[in-house]
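Here is the structure we will look at, set down as structure tokens.
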Amino acid sequence: MIVKVSNLGGSGIAEMPSSKSFTQRYVLASAFLNKSVVLNGITITNDDDVAMRIAESVGSTITINNRSIKISSNFKCPEEIYVGESGTSYRLSIGLLAASGCVTRIKGEDSLAKRPIEPLLMALGENGVKFERNEAGFYNVDGRNSQKKHVEIEGSSSQFVSSLMLYYAKKGGGEFTARNIKSIGYVYITKRVLYDLGYFANIERTITINPTGVWKTAIDVEPDYSSMAFFMVLGLLSDSVDVRFRIKRISRIQPDSVILDLFKNNILINGEEIRVISGINEPVSVDADMNPDLCPPLSVIGIFSKYGVQIRNYERLKTKESNRYEGIIDLAERFGANVEDNGQDLFIKPGSVRFPDVISYKDHRMIMAASIASLIGGFPTVIENAEKTAKSFPGFFAELSKFANVEELA
């Protein structure tokens, strides 16, 4: 899909999608752990749909009713699962399949097969799980001899740690050691999901999982703060829009909820409503190790705010769905911003502003960042591959149309 964005201005409540980090974990854990549940407040992203298809392949029946999903679990080992381009579903499913004693072939998109997985395979291998790389670049899992010994894992991805947490939950409990956990906030999301489904996780250097015997049958899934960031940036950089959000329960479990702290002087909270006040009055700094998904939207601030943006520990961005380190630099330079790289951090500041006529990315977050930058720049811009935003935010352009003109060209 190709769209043109222009004419920024308007007032409204931007409706955010549910957190796919929570949703995918709830769906997969419910299906594999045989805990039937109703999830409320759901927006089905492409990644959520992948998790739901995996749940169906392991015997669950899924019923969708408006923004609720009912998962009726009846676990069975699948011969094959398809993980699309969802790193979360891929990595979490490996641990769950292994713990379940399954012999399963995994398929997915080529781009995902290239992303790191080895630390997880090594840790599971120490527990007797066998892996064989298939012609698609993914791994066939053989968990028939899986055990629950104490192992160690390198936490270079929080998804590796979360996968092991689910592994030991499926095994009825256990413990393991995690070293140097990156983006630990996502591990706490997994802890919350396990707690809601009847398991207590104690997270220290040694992570311990134990069943509690009590779980919820209906769960409200909170909205996604990384998606909120795009519209927050829109409101921060423009006084021609009045951007508001409505959140039933403001939770701080999601790592990306840090945006409420970063811009505490620019938001007004009144009950369930959050209102964005325009104006950036100080430099913005974000840690890519902790909040990689905030880097694309916040980089737009660097393009237009005289105070600039610092993206710390940018190496993390190179192993996301695309090389977002390169994508962020490309976007900034397209709009004429100055970018400095000291080998660890990126610094983005305004330069001689340019206005690209057409912008084309394949990464969903870069497409959304480009759309926001185009509107702040004030020049009509054609955005290609607009459909790819459905990976995390299916209604992005519908919500954007509350504050600008969005014309579908093809």
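Heads up, the Cβ atoms here are built off N, Cα and C, so glycines get one too.
Together with K20, S21, R25, S157, S158, Q159, S183, K320, Swiss-Prot lists one candidate of D110, D220, D293, D357 for binding 3-phosphoshikimate, that being D293.
Farthest C-alpha pair in the 3-phosphoshikimate-binding residues K20, S21, R25, S157, S158, Q159, S183, D293, K320: 19 Å apart. The two recorded residues, R324 (phosphoenolpyruvate binding site) and R25 (3-phosphoshikimate binding site), have Cα atoms 24 Å apart. Within the group of binding-site residues (S158, Q159, S183), the Cβ with the highest number of other Cβ atoms inside 10 Å belongs to Q159. Spacing of R115 (phosphoenolpyruvate binding site) relative to K320 (3-phosphoshikimate binding site) is 8 Å (Cα to Cα, whole number). Shown in sequence order, T45, N46, D47, E85, E321, H364 are the residues of the chain, 6+ apart in sequence, with a C-beta less than 8 angstroms from the C-beta of K391 (phosphoenolpyruvate binding site).
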